[in-house]
Structures are given as C-alpha cells and as structure tokens.
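Colleague: Annotations for this protein, taken from TrEMBL, read as follows:
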- Glu260: active site (ACT_SITE)
- 16-308: domain 'Aldehyde dehydrogenase' (DOMAIN)
- 342-394: domain 'Aldehyde dehydrogenase' (DOMAIN)
- 404-461: domain 'Aldehyde dehydrogenase' (DOMAIN)
Amino acid sequence: MSIPIPSRQLFIDGEWREPVNRKRIPIINPATEETIGDIPAATAEDVNIAVEAARKAIFRNGGKDWASATGAHRAKYLRAIAAKITERKPELAKLEAVDCGKPLEEAAWDIDDVAGCFEYYADIAEGLDSKQKTPVTLPMETFKCHVLKEPIGVLGLITPWNYPMLMATWKVAPALAAGCTAILKPSELASVTCLELADVCREVGLPPGVLNVLTGFGPEAGAPLASHPHVDKIAFTGSSATGSKIMTAAAQLVKPVTLELGGKSPIVVFEDVDLDKAAEWTLFGCFWTNGQICSATSRLLVHVSKVEIVLKFSLSVLAVSVQINPYFSLMHLYLAASAVFYESIAAAFLEKLVKWCEKIKISDPLEEGCRIGPVVSGGQYEKVMKFISTAKGKVPQSCMAVQDLSYGLGAAVLSQDLDRCERMTKAFQVGIVWVNCSQPCFSQAPWGGRKRSGFGRELGECPDLEHASSFLRFDCIFSSVSSVEREKKFLKWKDLCTLRCQKLVLRCFHSVTGSVKTHAEEGISKEHSE
C-alpha cells in the first residue's frame, strides 16, 4: 500500500510560495529509508516575509478581519477546518504514517484528535465574547475598571516530529481561537501533514496571513523565527537543548515563551496492585508511540514485593524493541529498563532470545495489522542511547527519588490505596499526574511541565493565551475510574501494545525452548480472533 506525497511550497499569506533559496529537503520513509518526496527549505528571508504577512493580517481593516473580530466569527473557521480534516482523514492518516512511521490505525486516531481539538477551541472562541470587558470591583466608586482580553499578536509555533499534525494543532487551534496570527515551523523530520493543514486552511478560506507554514531546518528557519523582533511570543515543543536556545534568543527581546521539553517521567508501582494490570500500564506508558512520546513513564519504581513486574516489563521491552528499530541494542535496552534483573535471568537465555529477535523484520506502518512501526531516524536512536548508558544500574528508592528528578512533565502512581495515591500526587513535582493509568490526554485539560520540562500550559482553556495569573501553576491530575462501561476505543487504544508484546514474548520463549503452545497462548489467539 502506498500514497503519493503532495509536492508543496511554503504557505505564506494564503498562497504557496517557493523558498527564496529554492532549496528542498528529502522526505524519508522511516520504514523503508527510501526517499518518497521533498519539502521546501525555508531560511531567514522566508521567515521575514511570513512574519510581515502575519503582522499585516493582525491589523488588516483595523483588526476587524481577524484579531478584533468576534470569537464567534473565528469559531466558524475553526469548525470548518475540523470538518475538512474529518473529510480528509483517510488521506491524512496515510500521509502521517509514511512520514513519521507510526502505525496507520494510530495515525487515524491522531487525526480524530486534531479535528476534536479544533472543535473544542471553536467553543472556547465563542465563549471569549461573553468574557470581554469583565468588570473589576474597586474600593473607590470614583473609578471604574474592566479587563479586556486581547490576542498577544504574532506567534512563532515550533513543533516536534512524534505527533506532527496533532502537536501543531495543539498550538494552532488556541492561537487562532484567541485571535492571534501564527507562523508554524514543524520538524523537518515530519512536515507533510502540517503542509496539508495549510492546504485545509486555504480551502476553508482562512484570511491570508493568519496561518503561515514554513518547513525547514531549525538553525535556518526555527532560529530566525525565535529571534525575530516582530514575533510577539514563541511556543515550542522539543528538546531541552533547543528550548534553552529559544529561551536565550527570546530573552534578548524580553519575549514570552511557552516551552514543553519532555522529560524522564516516573511510574511508581505499589505492592497492592494487580500484577497483570500494573505490567500492562507500565508497558503502555513507556512504549505507546514506540516510546517516542515526551511524557513516557519510562522511569520505573516498583515495590520490592512486586519485582515480578520488572521481569514481565523487561521481556516485553525485548519483544517490542525489535519492532521499534532493527538497529536497537536489545541488551542495552533491557539493562536500562531494569538493572536489578540482569543478574537473575540466565545470560544464555538472553543471548538466544536476542539472536532469535534479530530475525524479526521491521513493519511498514501502512501494513494491515501493524501495531508498532519504526522510529523517525537513526539520529534519534543515537540521542536515546546516550541517556540509556548513563541510566544503567541506577535504581532510585523512596519518594525522594521522584522529587530529585530534574524533569517534571508527568508521573504515574499505581495503587488501590487512593489516600496513598493522593499523597504521591502531592509529592510529584510535575505538571501531569496519572493515577492508576498512564498517558491519557484530552484537549479539555491543561498540559505542560515543571522544572527542566519547561513552563507554560497548552490545551484546556489555555491560560497562557488568555493572560491568566503568572503566579499560579496549573497541574493536571488524571485518574482511572473502574467501570464496566469504559469506552471501547480507549480500551483498544491501551491494549494495542500489550497484546502484541504478549504474543511476541511467548513466541520468543517457544522458539528458544522448543516447547509447544501453552493454554495461555491459545487463549490469547482465540480471544482476539473473535
């Protein structure tokens, strides 16, 4: 199965424009490592043109066309964008899959979330109308005061490669709802669907200059955008190193920034949990989206009486890792997941298991039934391995280990004792806490981190764009609610990784030992064939 990649230019002032230097960047299919197309490579000259277009859009017709228009007026465009994305979902999902390597079914869910996010911020935009000129009570009757909520102005939005269209939407949708104009600079590793988002905006008639999309490399396009004197704010999702550079550039102009820089999120497993559920959530929290997720709960702290979960987790890591990337050192990944168990599992068994796993070929994201596709690039693998080598053998203990972490995006706690969960929630110094679950995320709830994971919040009612108090933190707590009426889609979403891993681990075991199928394996096959 294949899909042609549209040949696009930069999207500036409502039109497709060739880059000033006329250079382009090849698009690499991460499943095959073949070149399947190319994208335009913007430079500082293109950034200048886009910023000028965005600034004109702010002030066009005295601001009445966009910035000073009613929220209801802007909401019509947001809903039109959502409808068009839903209409083009099959095409957009395939483009996302071949561009960033995620399985087609997962990419399709991302596109659903994109449309849902635009719909949500259409409602928010309409709600802004009733909140204008909010009166403020003063101690003197001789004066009157009210609060006027206005758009910040021109925004620079820089997004990552793991959720290309969705991460762009997290920034674009609230920016447009607030009446801002924007220049979107997606990752050069996965830009295809962001250019298609520009095409959607063109189709629905979004006023020229309101959204501009510049593809290109960070130093050539992202850096000039971050330091541009006529960009009023930068919102960035990516690495800590790049975030630090963006913050430095913005500081020269005293420009506000929102930074979401990922982290190394912990998941704490107490002794009163159901072992199978704990193993499932632990695996899912770490390896959803192939582990390429900023909030992955990849730092496992487990009660000594539940060390069996570490074994289950480690074997699952071995099975999953070969599906992620054929270049992965399985032994290294195993050691990073659990140094504790290295001594207790026979080295000979591991060597045979690794050798067997080398025969597993990487999956094409568009292949039917694909659950885990490839990573975006070998470069990302090299970055990950640097951190894995330093993590080997370190087994943090007690709640202090959680508080001592440099990062603070997310954390999870698994326990049937809800009072203990609440105490852990308060102990975590993070922006998002999951109780008896890991990774649920919704447009309606704020998202963002603390410490080296960045600052500012996205999603929810977007306090950053609405000028909410600078002296309050907005932390978000998710709890798993046990119910027979759980949404089927969410259950399927959570089970995708674990089912695949269960089968792979069993196949690994039978290949090494030469044993026949167990009743458990037959049960898995029967259950999921119905």
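Backbone N, Cα and C atoms are what each Cβ position is placed from, and that goes for glycine too.
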Colleague: Within the domain 'Aldehyde dehydrogenase' (404-461), how many residues are helix, strand or coil going by DSSP?
Modeller: 10 helix, 17 strand, 31 coil
Colleague: Please report the number of other Cβ atoms within 10 Å of the Cβ of Glu260 (active site).
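Modeller: That number is 28.
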Colleague: Give me the mean pLDDT over the domain 'Aldehyde dehydrogenase' (342-394), rounded to a whole number.
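Modeller: A mean pLDDT of 46 is what the predicted model shows over the domain 'Aldehyde dehydrogenase' (342-394).
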